[in-house]
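For reference, the structure is listed below as structure tokens.
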Ligand SMILES: Cc1ncc(COP(=O)(O)OP(=O)(O)O)c(N)n1
Ligand SMILES: Cc1ncsc1CCOP(=O)(O)O
Ligand SMILES: [Mg+2]
């Protein structure tokens, strides 16, 4: 993986830990209640609702923002960086079908948090880093109840992805039982939906993920700079 270009270095804290993605929930009051129960244990929240039309998505982002602000948790919008911009969210997560990350960076500015899905591809991570990504996401690590057809990534790829110098996010089928193995493979953030939101006790489940970060790690190559939201875009 090539070294990222050394240009401007705006910094924003991307804490290691639990990156929660919202469940598909049409009832906004219920969404707020479910997220509110666990937001204090999250480092990042992504609004992802594949059941929402544009109006509901907009309303739900607007409803989540005060909750996130009150808890000091950045809110990212899945798929739609324009919605993130319109609602004043902290950033967006973009997959391969979700538009141009460089255009999102140019519009949202240097302090936005922009995530890129890399699936199992280190080449995608290189391209995302060059386009101004704040983090690179890999997965699915395990079979995902939420997205059963998601392509899979091997743990070795997570380890190698640390060469990007960006925080490495892991997603897909991560449970409290396998979380530690993913952290040991090189993940800075564990992105989770069902493991928290479908748990009988979501607060206890979120706490179990956080314990995966507690024990000292064996040395990992090319330690990321987890405090840098992004450090190599051209603006
Ligand atoms: C943190 C994180 N990683 C990966 C994804 C998947 O994005 P994408 O491939 O665009 O798939 P959808 O989430 O849109 O179904 C993600 N959302 N978040
Ligand atoms: C959006 C996405 N991309 C790959 S797997 C996945 C879903 C993650 O959800 P879960 O934590 O329930 O497996
Ligand atoms: Mg997407």
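Just so it is clear, glycine is given a Cβ too, placed from its N, Cα and C backbone atoms.
Per TrEMBL, the features are as follows:
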DOMAIN    18-196  domain 'Thiamine phosphate synthase/TenI'
BINDING   46, 47, 48, 49, 50, 78, 117, 147  4-amino-2-methyl-5-(diphosphooxymethyl)pyrimidine binding site
BINDING   79, 98  Mg(2+) binding site
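Structure coloured by features recorded in TrEMBL.
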residue: 46; record: 4-amino-2-methyl-5-(diphosphooxymethyl)pyrimidine binding site; DSSP (3 states): strand
residue: 78; record: 4-amino-2-methyl-5-(diphosphooxymethyl)pyrimidine binding site; DSSP (3 states): strand
residue: 98; record: Mg(2+) binding site; DSSP (3 states): coil
residue: 117; record: 4-amino-2-methyl-5-(diphosphooxymethyl)pyrimidine binding site; DSSP (3 states): strand
residue: 147; record: 4-amino-2-methyl-5-(diphosphooxymethyl)pyrimidine binding site; DSSP (3 states): coil
Integer Cα-Cα distance in angstrom, residue 49 (4-amino-2-methyl-5-(diphosphooxymethyl)pyrimidine binding site) to residue 79 (Mg(2+) binding site): 10
Spatial separation of residue 98 (Mg(2+) binding site) from residue 147 (4-amino-2-methyl-5-(diphosphooxymethyl)pyrimidine binding site) - C-alpha basis, Å: 17
Between residue 117 (4-amino-2-methyl-5-(diphosphooxymethyl)pyrimidine binding site) and residue 79 (Mg(2+) binding site), the C-alpha gap once rounded to whole angstrom: 10
Integer Å distance between the CA atoms belonging to residue 50 (4-amino-2-methyl-5-(diphosphooxymethyl)pyrimidine binding site) and residue 98 (Mg(2+) binding site): 13
In sequence order, those binding-site residues of 46, 78, 147 whose CB lies under 6 Å from ligand 2: 147
Chain-internal residues, separated by at least six, CB under 8 A from residue 47 (4-amino-2-methyl-5-(diphosphooxymethyl)pyrimidine binding site): 22, 57, 60, 61, 64, 75, 76, 77, 78, 89
Where the C-beta lies under 6 angstroms from ligand 3, the matching binding-site residues among 46, 48, 79, 98: 79, 98
Most Cβ neighbours inside 10 Å, all chains, among the binding-site residues 46, 49, 78, 117: 46
